[in-house]
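Novice: The structure's right below; bear with me while I get my questions together.
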Amino acid sequence: MEGKDLEFAVNGERFKVNSVDPCTTLLDFLRLNTPFKSVKLACGEGGCGACLVILSKYDPDSDQVKEHSINSCLTLLCSVNGCSITTSEGLGNAKNGFHPIHTRLAGFHASQCGFCTPGMCISLYSALSNAPGPGGGLTVSEAEKSVAGNLCRCTGYRPIVDACKSFAADVDIEDLGLNSFWRKGDSKEAMMKSLPPYNHLLTTFPEFLKKKSVVTNVLDHSRYRWTTPFSVTELGNVLDESANSGGGSLKLVVGNTGAGYYKDDEEMFDRYVDISRVSEMLVIKRDENGVEIGAAVTISNVIDALKEEGSSNFKKMAAHMEKIGNRSIRNSASIGGNLVMAQSRKFPSDITTLLLAADASVCILNNRIIKKVKLLEFLDSPPILNSKQVLLKVVIPAWTADTGLLFETYRAAPRSIGNALPYANAAFSARVSNQTVDECLLAFGSYGGDHSIRAREVERFLTGKLLSHSVLHEAMCLLRGIIVPSKETSHPEYRKALAVGFLFEFLYPLIDNNNGHSNGHVDDPIESLPLPFLSSSQQVLESNEFNPVGEAVIKAVAALQASGEAVFVDDIPILPDCLHGAFIYSTEPLAKIKSISFGENVTPAGVFALLTFKDIPIHGQNIGSKTVFGPGPLFADELTRCAGQRIALVVADTQKHADKAAKLAVVEYDIKNLEEPILTVEDAVKRSSFFDVHPMFYPEPVGDVVKGMKEADRKILLAEFRLGSQYFFYMEPQTALALPDEDNCSKVFSSSQAPEYVHSVIATCLGIPEHNVRVITRRVGGGFGGKALKSMPVATACALAAHKLNRPVKMYLNRKTDMIMAGGRHPMKVTYNVGFRSDGKLTALELTMLIDAGTEPDVSPILPRNIMGPLRKYDWGALSFDVKVCKTNLPSRTAMRAPGEVQGSYIAESIIENVASSLRMEADEVRKINLHSYGSLRKFYKHISGEEDEYTLPLLWGKLEISSELKKRGEMVKEFNRCNVWRKRGISRVPIVHQVMQRPTPGRVSILSDGSVVVEVGGIEIGQGLWTKVRQMVAYGLGLMKCNGSDELIERIRVVQADTLGLIQGGFTAGSTTSESSCEAVRLCCVILAERLKPTVDQMMMEKSGSVTWNLLIQQVNVSFGFRTSPAYLRLHEY
């Protein structure tokens, strides 16, 4: 049966689709079939906001357009039929002019790597477009929350929030932080006028879509089935037709947000039914009996409806719902879908908990019969998902006007403002008179049970009881036996404690004579305080001495990043014959690999090849990474040495087919005659499984620990703690694109912090000369160390596949696969003995550290040196240590954002806190007592301690105490803690000593014939502003010639992508000094160029009476040299 075309618009451009897989997401379509690349795939589950777009719908009855943000990674393409989509490029772009949102984010320095920035812009635009009042009446609080569903891994939220708050109607302009729009001393009026003007206009809804009527059936039904019923009757007909035609799998769709939680559930359904337009399921009805909400009503609309109700209890429910998911998820997700997932799939729902406490009911359609049941009965019934039953509506009874009726909700989650699933939640309704509980409903959820529950035993126990401490204690004991998390639940005891704590928090204030203590709520005993606004206090010292170096200029290409036009590796247009790769990884820590196949020995659709170590060219090597400590394999050979090790590469026609085929792979293992794998550092010690550490990476002990221990008044012996691992979570996943080239060459685009090493590894793996390989890196969407070594096997595998198949090959590593393989930060076990005097002075420290390095050395042997650097920031008296780098059968750990330094500082502070606690002293006093003098600094740091006048830490320590009013604020903290039993505050200052190390970095500056300048450096732009600093340095270096107009030279300078054949020996971009090294390299280049140009400048000064413009100078050079040599004056320097 032929269906109508799917028709919609993207940035005003018309798209018609007749044949598409119904499980295709809007993001897939946008990235593969349109030129718009601002929508990014980062998490794939609606949790990061990188994929956001604006969805606009036209209502012909009201002749109005409604628009809101949605997650394109979850939204199915067919569900946007008749809608208009706007991406960040559609708001504004380089060609047609940037939107004020783009320019303000750029001007407030609110972008670093830029991968998340387009999504930030969409979130802010959505908040502005839906703000009440003419022109958008966004408040400061709403502005802050507008990006609550967006993750940024590198910028930090202060500048982003400042840019958002600049649009708020009630903003105090002086509270906004550093930006490029105004200067110090400007009046408020001048500040406001300098901001890019914003007059909100709805995105233009295309006229051709206004005339379109949405039809029931779309797509070619001979291949795909997508149906959109408009009434319950039509929905019943669809369900009957499906049942009569032999059944088959059927999926009901509203927002498809459940796919973000159940990511592994990629079943292809025989039929999709879009129920988001069923009129009866979209109704919100209010009467004296309560509120009826259609199951297809989005959570955002439910929140708006509840806020309009007169009862404060409905408003509390709405406030709790605002913490569910994020705004874009709530814009798509339906209340019915949330309940069905909780009922059928054990989804940790907040809404079921709220509705249980409200004694809500639901209406179910089953074989055209509508049945109303209590929510608790619905939750306890067999799963209705895939049962042909449909949840039609939710009924919440009216709240009686009773002053004795109490209703409260509770939620504990990793992030308090939402965008995170709860550890536990609760909602309580109780009628209390004269401290006696007349009746109560106590609901708990998300603690690890099958679904939300009512604590019936506790309800019965409390009913009729006069509240007292003993009654409360017994109720809590009863509840502990009811809240039973399942075995697979993480942190079960913590979740149980939370549930009990919620009940305590609800009932405790109702008990008289609580000894005058506050229950922890400072102002209101029931309502919790709103979160304070983010502060933007910031000091920037600017100087014109080296202008424009040091000037707070807008980061290079920041506006392009905001509009989404900045090109990352996956944004490079795909060639028609491009293939895609996905890794198959081991699920066993130590095993022989007998075979690799696919389920039922059937090759999945689209698969072209399956590559293993056997496919490496005869002159190549099985190498996927390398450091000075040795290489790491690309693939496991006959033996896999850790779970997560790469075994093979699936190559298919699309990334989706490659990922699916990798999941379908069946690996047969054999563990006979093998030792037990080493899975802990304790096992490694027992079996002496260690990596060697070169003496240069193993610091020497300091002083006599035995003597120091004898001098101690007190000791803490054999104290032990562990540090866990940490994943990088760069927003841009590991990505590479390899293109086979002529003469056995390979060109690879890699998102890497170390293109030079990627280059070398690829050449070694393929067995070809390094001059046959070219690696290009323009920018990286977040690295944090994870795009150094861990990017090498991705690029190498693509290059191997392209080399073997003679076709372009791209890989966009699946996030889950990456998290399994990445390794991350080094976990470790720390044991220590510390001696100290009764006044807090340390006398000796003995440390034993077991570092879990994983299966390969990677950079792990540098960890002892890196840990001891910041750990020695205190005068320990004497220091000895035994650090072992353990080799285990786990994924190799690697450098991650201050590798070793983070652990070293944490270890030092943990010991200081322990010492302070044992002496009943303030930790700040113990820190102050043990700060280094210059003499002890020389003792612990030796030759790297610098000169005496350079050691300023004690001076800074004192200045900070005064400028921050530390003592006054400390007394305020003590007073608060004295008055509050359950809520506590603290204040702390922590010193840091960090050894700065620089690496040689190349640079090249070229002046072109029109006077514009192109710059190449070895450092990679990861968002740290390297290109911006380099541009400033080049402008300064060339500006020393004092040509007229040289103050505007920075606008004529472009820094281009790193190319390993264009500029060799780029090294690693790491250690927080690559920008500075790159700046020094280009400064030296500018010195040479200035020397070359000086004779011409001097001559022209004489001829032009001291006035020479930059353009005139370059023109003169071109004329003088003619065609004899290049006027570009190329020169490479290493620093």
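Just so you know, the numbers here start at 1 and follow the chain as drawn.
Placement of Cβ uses the backbone N, Cα and C atoms for every residue, glycine included.
Just so you know, TrEMBL annotations never went through curation; they're auto-generated.
Okay, these came from TrEMBL:
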{"type": "BINDING", "residues": "Cys43, Cys48, Cys51, Cys73", "note": "[2Fe-2S] cluster 1 binding site"}
{"type": "BINDING", "residues": "Cys113, Cys116, Cys152, Cys154", "note": "[2Fe-2S] cluster 2 binding site"}
{"type": "BINDING", "residues": "Ser334, Ile335, Gly336, Gly337, Asn338, Leu391, Arg411", "note": "FAD binding site"}
{"type": "BINDING", "residues": "Gln753, Phe784, Arg897, Gly1071", "note": "Mo-molybdopterin binding site"}
{"type": "BINDING", "residues": "Arg865", "note": "substrate binding site"}
{"type": "DOMAIN", "residues": "4-91", "note": "domain '2Fe-2S ferredoxin-type'"}
{"type": "DOMAIN", "residues": "219-401", "note": "domain 'FAD-binding PCMH-type'"}
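Describe the structural context of these features.
Specialist: Take the CB of Gly1071 (Mo-molybdopterin binding site) and look out to 10 A: across all protein chains shown you find 16 other CB atoms.
Counting every protein chain shown, 18 other Cβ atoms lie within 10 Å of the Cβ of Arg865 (substrate binding site).
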Novice: Can you name the binding-site residues among Cys48, Cys51, Ile335, Arg411 whose CA is within 10 A of the CA of Cys116 ([2Fe-2S] cluster 2 binding site)?
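Specialist: So the list reads Cys48, Cys51.
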Novice: Might you list, by sequence position, any residue in that chain lying six or more from Arg897 (Mo-molybdopterin binding site) with a Cβ less than 8 Å away from its Cβ?
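Specialist: Once residues fewer than 6 apart are set aside, Arg897 (Mo-molybdopterin binding site) is near Phe728, Phe784, Gly785, Arg825.
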Novice: For Ile335 (FAD binding site), list the number of other Cβ atoms lying within 10 Å of its Cβ atom.
Specialist: 25
Novice: Rounded to the nearest Å, what's the C-alpha distance separating Gly336 (FAD binding site) and Cys48 ([2Fe-2S] cluster 1 binding site)? Just drop the number here, would you?
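Specialist: Rounded to a whole number, the Cα-Cα distance is 24 Å.
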Novice: Tell me the Cβ contacts of Gly337 (FAD binding site) under 8 Å, same chain only and six or more apart in sequence, or just say none.
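Specialist: Set apart from Gly337 (FAD binding site) by at least 6 residues yet with Cβ under 8 Å, we have Val254, Gly255, Thr257, Gly258, Ala295.
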Novice: Look at the binding-site residues Ser334, Asn338 and tell me which residue has the greatest number of other C-beta atoms within 10 angstroms of its C-beta.
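Specialist: Of the binding-site residues Ser334, Asn338, the highest Cβ count within 10 Å belongs to Ser334.
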Novice: Spatially, which candidate from the binding-site residues Cys48, Cys113, Ser334, Leu391 is nearest to Arg865 (substrate binding site), comparing Cα atoms?
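Specialist: That would be Cys113, the closest of Cys48, Cys113, Ser334, Leu391 to Arg865 (substrate binding site).
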Novice: Which of Cys51, Cys73 has the fewest nearby Cβ atoms, counting only those within 10 Å, among these binding-site residues?
Specialist: Cys73
Novice: Starting from the Cβ centroid of Cys113, Cys116, Cys152, Cys154, the recorded [2Fe-2S] cluster 2 site, name every other residue in that chain with its Cβ within 8 Å, sequence order please.
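Specialist: These residues sit around the [2Fe-2S] cluster 2 site: Ser111, Gln112, Gly114, Phe115, Thr117, Leu151, Arg153, Thr155, Met731, Gly781, Gly782, Gly1023.
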Novice: Whole-number answer please: how many Å between the C-alpha atoms of Ser334 (FAD binding site) and Gly1071 (Mo-molybdopterin binding site)?
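Specialist: So the Cα of Gly1071 (Mo-molybdopterin binding site) lies 46 Å away from that of Ser334 (FAD binding site).
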Novice: So among the binding-site residues Cys152, Cys154, who's got the most Cβ atoms within 10 Å?
Specialist: Cys152
